[in-house]
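Feature annotations, reproduced from Swiss-Prot:
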type	residues	note
REPEAT	100-132	repeat 'HAT 1'
TRANSMEM	491-511	transmembrane segment
TRANSMEM	562-582	transmembrane segment
TRANSMEM	594-614	transmembrane segment
REPEAT	678-701	repeat 'LRR 1'
TRANSMEM	722-742	transmembrane segment
REPEAT	751-774	repeat 'LRR 2'
REPEAT	925-948	repeat 'LRR 3'
REPEAT	1074-1107	repeat 'HAT 2'
REPEAT	1159-1181	repeat 'LRR 4'
TRANSMEM	1474-1494	transmembrane segment
TRANSMEM	1529-1549	transmembrane segment
TRANSMEM	1554-1574	transmembrane segment
TRANSMEM	1621-1641	transmembrane segment
TRANSMEM	1644-1664	transmembrane segment
REPEAT	1659-1691	repeat 'HAT 3'
TRANSMEM	1747-1767	transmembrane segment
TRANSMEM	1783-1803	transmembrane segment
TRANSMEM	1853-1873	transmembrane segment
Amino acid sequence: MARVYSNWDRLVRATLRREQLRNTGQGHERVSSGLAGAVPPSLGRATNIDAILQAADEIQSEDPSVARILCEQAYSMAQNLDPNSDGRGVLQFKTGLMSVIKQKLAKRDGASIDRDRDIERLWEFYKLYKRRHRVDDIQKEEQKWRESGTTFSSNVGEILKMRKVFATLRALIEVLEVLSRDADPNGVGRSIRDELGRIKKADATLSAELTPYNIVPLEAQSMTNAIGVFPEVRGAVQAIRYTEHFPRLPVDFEISGQRDADMFDLLEYIFGFQRDNVRNQREHLVLTLSNAQSQLSIPGQNDPKIDENAVNEVFLKVLDNYIKWCKYLRIRVVYNKLEAIDRDRKLFLVSLYFLIWGEAANVRFLPECICYIFHNMAKELDAKLDHGEAVRADSCLTGTDTGSVSFLERIICPIYETISAETVRNNGGKAAHSEWRNYDDFNEYFWTPACFELSWPMKTESRFLSKPKGRKRTAKSSFVEHRTYLHLFRSFIRLWIFMFIMFQSLTIIAFRNEHLNIETFKILLSAGPTYAIMNFIECLLDVVLMYGAYSMARGMAISRLVIRFLWWGLGSAFVVYYYVKVLDERNKPNQNEFFFHLYILVLGCYAAVRLIFGLLVKLPACHALSEMSDQSFFQFFKWIYQERYFVGRGLFENLSDYCRYVAFWLVVLASKFTFAYFLQIKPLVKPTNTIIHLPPFQYSWHDIVSKSNDHALTIVSLWAPVLAIYLMDIHIWYTLLSAIIGGVMGAKARLGEIRTIEMVHKRFESFPEAFAQNLVSPVVKRVPLGQHASQDGQDMNKAYAAMFSPFWNEIIKSLREEDYLSNREMDLLSIPSNTGSLRLVQWPLFLLCSKILVAIDLAMECKETQEVLWRQICDDEYMAYAVQECYYSVEKILNSMVNDEGRRWVERIFLEISNSIEQGSLAITLNLKKLQLVVSRFTALTGLLIRNETPDLAKGAAKAMFDFYEVVTHDLLSHDLREQLDTWNILARARNEGRLFSRIAWPRDPEIIEQVKRLHLLLTVKDAAANVPKNLEARRRLEFFTNSLFMDMPQARPVAEMVPFSVFTPYYSETVLYSSSELRSENEDGISILFYLQKIFPDEWENFLERIGRSESTGDADLQASSTDALELRFWVSYRGQTLARTVRGMMYYRRALMLQSFLERRGLGVDDASLTNMPRGFESSIEARAQADLKFTYVVSCQIYGQQKQQKKPEATDIGLLLQRYEALRVAFIHSEDVGNGDGGSGGKKEFYSKLVKADIHGKDEEIYSIKLPGDPKLGEGKPENQNHAIVFTRGEAIQTIDMNQDNYLEEAIKMRNLLEEFHGKHGIRRPTILGVREHVFTGSVSSLAWFMSNQETSFVTLGQRVLAYPLKVRMHYGHPDVFDRIFHITRGGISKASRVINISEDIYAGFNSTLRQGNITHHEYIQVGKGRDVGLNQIALFEGKVAGGNGEQVLSRDVYRIGQLFDFFRMMSFYFTTVGFYVCTMMTVLTVYVFLYGRVYLAFSGADRAISRVAKLSGNTALDAALNAQFLVQIGIFTAVPMVMGFILELGLLKAIFSFITMQFQLCSVFFTFSLGTRTHYFGRTILHGGAKYRATGRGFVVQHIKFADNYRLYSRSHFVKAFEVALLLIIYIAYGYTDGGASSFVLLTISSWFLVISWLFAPYIFNPSGFEWQKTVEDFEDWVSWLMYKGGVGVKGELSWESWWEEEQAHIQTLRGRILETILSLRFFMFQYGIVYKLDLTRKNTSLALYGYSWVVLVVIVFLFKLFWYSPRKSSNILLALRFLQGVASITFIALIVVAIAMTDLSIPDMFACVLGFIPTGWALLSLAITWKQVLRVLGLWETVREFGRIYDAAMGMLIFSPIALLSWFPFISTFQSRLLFNQAFSRGLEISIILAGNRANVET
């Protein structure tokens, strides 16, 4: 039985430890040991069981009996909490805990236990533990430090030990308190309770150290956190403290923690804010105030005060949007004047705003709603503050008898519930936008005075809070996002009017043969009616597209619509009428031209008035004047001219910026219209006139339109492609000019000056000074430079180097930690501190390597004078540095080693050498040919000194020193000097007695140790360091960092005075860390992630093994054997993927940089701990440096479902916990949900949601800091914005950088963050920046060609593209995640993204729109960069581009784009259009040009018009058509996409490398890739606008080198590319077959080469760029898989990946609405043209053009369909029916074949006719299939759906076979696969990587 009991105990312990190991990431870090790590969540939340068990583990070795007492108490607490063990894991925990207790009892060897004495034993141990750890002394010292106003003098390691001691003491006190209740009340129990009472009063330190806090310990003072004693923080705390004139709080109101009451307590009592919200915003305000104060000045230590200016700055910035809102609505703010309210009132208002915002949840997306709430609550507060006693607010009373208040329940919940009810109508994103109110609709309700109808408290029956009932929709506010392309016309009406009028004018001039006379002028005046009619169309669209908002829209807005509609309706009629009269006058001779003059007068007056208003409203210089005018007449016309919104006012720039972007566009437009006139319009004039005057001819088919209308369709087919290119090619000119401007600006900004590691070597000498000028704060520069101000430049350079060295070395260390460098490279790259007594600058060894040896060779070969030798050495300046350093270092080292006679010898030697140098007789004094021997003896000495001292080494060093002495004396010195030394009595006596150099002083001084090691390397490293570092990434980073030192950037301020900021990363469920199993799990080719990375990054793998102390032969099993090494391996792999771990590491470099900067600043000022100054990593141990960094930097990762992941024990939760342990400053916010009772005591009912913030405690477990209840599920929109929104309340500072979880950062870039933040105070136009754009480096482009294309394309946009957008165009928005936001500006204006479902799918760009509309300013800066990962496989890239294109499709419908398009001035509007949605419109136009051209050509071929007119009109060689097609082709293949790319290459790589890179890209088929991407963007953009369906597409960010199956590619690209490519191919075939040209088929091919290229790219790009796409074995497997998928029957629950039927149904899901069905029907009608045209081209029909022929073709088609159905039909019942069916099928087939044979033999039907019929019937069948899919419900009712589905299967099978056949054919030839591998992975081959091993797979290696 004992054995069973023992085994059970072992099993339970092992299970608990394994569970704990899994929950702590199978690694080290700070892990909760023992049972404390296995406490179930249900027990841990309610008690301190885990803390008690942790204390038991801590003291187990000191006193097992006390540990047993603690365990027993923990068991009792668990039993009391959950007696039935109902909670998850509780039973296992209790069993394990009881097992531990029994083991502890068993170890007592049978000794009895007197439990009555447990409390006494515990009490004695408590006192002993306090004495042992000097707790009382520590508390006394802490009190002294606090009284002196400084922090406790201790480093981080000691602080952690102290906190653990305090935690243990607190657990002991808690157990003592519980046990004392059961003790003898008259005995020891009473005395202990009395003692405990005294302890709890006096021992505030215990609770202070263990009270959870975020950054500042406000609840209780902490001795381990220095932030609380910073004077600015103390001043801020003092500023909000409760004063006598505040209303008195009730006596029973509980003040949390050990602090004094403050104004937040009063606000909590009055309005019922949540306690944790109050705690959170209290810290928020304290940090905001303290940072505002620090930027003005640091207060004094004694009684610090916050300056009034700091309070005013915070007040005005926080309430800026509220003040503007009041001004817009013409209501009075809650205070009279700023000067009239005192400081406390200001802080009360700011505190109130923060508290409202902090608890508003989803209502934070409604900034003006928050203004409304604040306005009313501030008025309530104002009244309450006048009372002597605090009184609760009526608006927040919950209605219960207790008189309790709840802001959340009374104010936020009603609004949230209304929003939530509206989102239900969204139907998961499928409903039309017009069917429901989104966030913008709710917010814009508060843009009108009607919002005050809500009253206060808000009326629940108001229209605003009305919830949708049934199918009745609630009205929108002021804009309705109807799904239509017409939004493009409406939003950018001025652009389209301008383009069409210019086209009309140029066409008129061309047709008038450029005769600019009065007649031409009269015709040009036709632009007047065009202008009026287009404006009338806009007004008509305004009226139509406002449908759905009339009942809620402002009356003024509707009035403006009506007025404009009537104005333009009557105006267009008037202008058209008068212009017709002008034309009548023109045609009648002898007219007085009355109407012409009147017409001119009307147009002139209108143009003048319009110009004046345009100047006043849009021109920067006149805008202020128009704003000041209060004339009602003027304001009326201004209102008619431009709608007035709360946003979008003041969208103008200063005059200089305005002139710049106007000049830019004038150049673009001049180029565009010159090209359009001479190469597009003018060449078409003659052919058009020829066609119009062409005599009638016989059409080949039954013509309906052209014959009687001057060949109208022929002219349309001629002009349509040219018009399409005309509308698109302005983007080409924009791209060209922006590339040129961007390149010039980049060169001016000094980008690319240092582009190779050789240039880093050459210019290294200038780096320290540049670094000191830009990146060192003036405070630090003043101290060292002041000391050397009177000295020479050498001392200045040394001072600069001393500033530079700690930063450079830390950068090098970070590169080593990231395994980009080896240990040797780190030593070579490190720079000495330059703070020693050496008289010259010491440079890194990689600059000096082998220089000494070369100098020795020069000296040994020198036959000239000393001056000549020195000149030769100085030709290489670093050689001169090396020689000088070697000389002075040898002198210093020798003097430090020897004494007495030895020192005298050293001094004499160096004195003689110095004298010789001064006299120029060095070559006489020394025998330079012996230098090599001398150096060899000295390196022997230093080789010993660099090791740790031992007796043997000491003897060896003494001998080596003597050998050195002998060589110097007898070989190096001249004969005369040698004789002098030999006869020197003191020296001779010591030598003879054996005392000379008998004792060597081993180096102890850190400076000497550093010099010895450095000198040894300097003398022994023989190979040149030109290739140091050899890692390409390390080179790139060092090149960019050193280059950025010479770029313009603001001056860095001291850390204490810098702008504080937060970094914010949203995370859902992506990879955090790769698990050990994921590292080794193999794909179908036997490739694991670890194997892949070892081959791709071989040098980094070797560096990693070196770092962890392993040899290169170490295997995976060896690494797994060590938990530490296994964890390091997981991190190493994760840091090379797109993981959260990589992002967190990168962002935490900010803290490391700030700690280093703060530490060095404090050390420079002499205020830091002297004991840490000489520590290698002293800044990391400095408590003050850490506190200063935490005051200025916060990092919050918003892990939306972290709570669920923890409950489900997902590995992601474990890994996030591991990151929390590794980075103490990391904070994780997440949404926690709890099931609450339904009111009758049962479980279930509804859920409550909480926004929580956690950090790691001292034991590595999650410690909850804040828990704020939400009104409901926050995910009402897109998800990601709400994830950001719930967590943004936990951010701090004045700036916030948004970082996605696929990004990275680097220490050298983090050092420049202070400079970047100063840009917020810089001058960038008339407004200060609100978003700082940051350059990105795409780190995923290093291996495959696709990744390289994508990274180059992305890099060109995020550098050159955004450079031009920000300046001079002033239209940069927020495109990605490294941008830095003005935090206060944005959190008071709706946040950093928008969240409405579907319409805000591209949520981040709306932050830029919102910032711009609210008078923000967005800049771009390139001296700092952030790493970014991108998708690397074609499928991932296609999904990503589809997501972005779909998002742009939704933007077309959005109100933000509409308002920017309407409110920007004309030129800025064009910049905005062509850089946002216009880019996708032009992309779509490129594809449409192909369609328009080919359909036009096919029309000409079918109709016979081409043959009739080709000789006279010469269409095939027409200049305009050629120009149009050439422009289309160049856009299609990505030439203009590559232009900015090439310019970026030239700028940053150099001209030759740029040319080589561009040619390489072409050889790697980048044009195929860009053409394919063109189709992706066109498909998703167009389909989104037509049908919607834009959604977030998870692209996956793994390592992609695996083969994608044929079926996977077919599913993804079938409808977006393949169908369209086959349509274009069919058009081309028909064009070749029936078109007419003198040159034959070859001319057709040449004319349509771009179209053929498009077909091939769209059909085969997925397979060309598919790894192993042409390997025969994989081709066979792909075919089998595809056939299996195609024939697999679908059903309920069967996914599209498994069955063609399921996939086919999914592909039709986007067709939802009647409008969509009608549009699809219209688009499908084009396919009927093929059959209609081919029928009349058959030999059978000859020249018959009767319409009946087309009818007969339909009869044939019906017969074919019937036969198909007959052959496809398969009965499932009787075998007799089956036999009859087979007989019928046989007869039918024979009959059909016989009829065809007879028809061919007896009629004119030919074999080519048969193929022609196939060409005609295939598109008709596709049209019928498309129509059937569109009207699916009708077909289902008719019972034809099964037949339709089988037709669909046949079409997909046929398309698949046509694509697959060439692939199968090419797979026969092995060299094709080899060529493809080189094509795809050229980057890897050029780096010498073993990519072939990866592609071949690792199966063979595994099997053998």
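FYI, residue positions are counted from 1 along the chain as it appears here.
Each Cβ is built from the backbone N, Cα and C atoms, and glycine gets one as well.
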Residues from the same chain, set at least six apart from the ends of the transmembrane segment (562-582), whose C-beta lies under 8 A from its own: 522, 525-526, 528-529, 532-533, 535-536, 538-540, 542-543, 595-596, 598-599, 602-603, 640
For the transmembrane segment (491-511), distant same-chain residues with Cβ under 8 A (at least six beyond the ends): 520, 523-524, 526-527, 530-531, 534-535, 538, 673, 676-677, 681-682, 684-685, 689, 723, 726-727, 730, 1452, 1457-1458, 1461-1462, 1466, 1469-1470, 1473, 1478
Cβ-based contact of the transmembrane segment (1529-1549) with the transmembrane segment (594-614), 3 or more pairs under 8 Å: no
The repeat 'HAT 2' (1074-1107) - residue tally per DSSP class, helix then strand then coil: 23 helix, 2 strand, 9 coil
Within the predicted model, mean pLDDT of the repeat 'LRR 4' (1159-1181): 65
Criterion met for the transmembrane segment (1644-1664) and the transmembrane segment (1474-1494) (at least three Cβ pairs under 8 Å): yes
DSSP-assigned states of the repeat 'LRR 2' (751-774) in counts, ordered helix, strand, coil: 18 helix, 0 strand, 6 coil
For the repeat 'LRR 1' (678-701), the number of residues DSSP places in helix, strand and coil: 15 helix, 0 strand, 9 coil
Structural state census, the repeat 'LRR 3' (925-948) (DSSP three-state): 19 helix, 1 strand, 4 coil
For the repeat 'HAT 3' (1659-1691), the number of residues DSSP places in helix, strand and coil: 22 helix, 0 strand, 11 coil
